[in-house]
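A.B. asks: The transmembrane segment annotation in TrEMBL covers 12-31, 72-90, 102-120, 181-200, 206-229.
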Amino acid sequence: MSENEPWFPGRWVSGCALILGPLLWLAGLLVRGHVQRTVALGPEERAALEESVFAAPEQLALYEQNPGLVTAGYALFALGAFLLWPAFAALARMCVERSPRLAIAGGVLLITCQFARLYVAGVEQSAFQTVDDAGLEHAISETLENYQEISYGPWRIAVTVSALQYLGAPLLAAAAYRAGVLGTGRALLLVVWATVWSGVLKESDLLYAGSTALALCVALVPLGTRMLLGRLPEPSGDRRLLSW
């Protein structure tokens, strides 16, 4: 990929997205995890919330206690998901010359699943707004009563599209490895990231969710930095078994 050759979405957009997308994703999960660890819920209230098989009641209760911080965590996470689509488009573009089928398939699947996360963000915001307008108990009741319908989306489009990351990440990681854009280590980190949950009002465990987000940062941020510095990685076809 020549530095002077026009390409979509371009060096600056791609470089910024490769850096900011993973970092904002990580920041959102860290804020959400911080809220879960620090916001005080009464023993009886927490015990009642833990009886639910879903994390939604606890997330809504945390929002009632600290709406500003919870909103910030969810907003940062959604913004990170939005910026990942040009990041994955750029990564696929770098790999397409030497591994076209894997790069195209993996890129399309990963880009598509990011838009499903924006649907999820809209559902979550609606649930938070219900807490503000009708109170916590009503919001929990409405959310749990309709959880499957609102989280799956019409015709189950959202839940189906969300699952594409589990196939898209290994395909794009394989393309990046075959093209020499990512070594074995960072390609595997991209796959690790894709194991993170997808759904409405999910619990943000710092150890699991934070580690997957950190894996994405390690995989993509150095690539974005090189791109902004004008040192676009050239596909090398280097397929050493152990590489970074």
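Cβ coordinates are placed from backbone N, Cα and C, and glycine is handled just like the others.
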A.B. asks: Restricting to CB pairs under 8 Å, which listed stretch, 12-31, 72-90, 102-120, 181-200, is in contact most with the transmembrane segment (206-229)?
C.D. replies: 12-31
A.B. asks: Cβ under 8 Å, sequence separation of at least 6 from the ends of the transmembrane segment (72-90): give me the contacting residues as numbers and ranges.
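C.D. replies: Residues packing against the transmembrane segment (72-90) from afar: 8-9, 13-18, 20-32, 34-35, 107, 110-111, 114-115, 117-118, 121, 124-125, 128, 172, 204, 220, 224, 227.
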A.B. asks: In terms of Cβ proximity under 8 Å, which residues at least six beyond the ends of the transmembrane segment (102-120) contact it?
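C.D. replies: Same-chain contacts beyond the flanks: 78, 81-82, 84-85, 88-89, 91-93, 95-96, 151, 153, 157-159, 161-165, 167-176, 178-179, 198-200.
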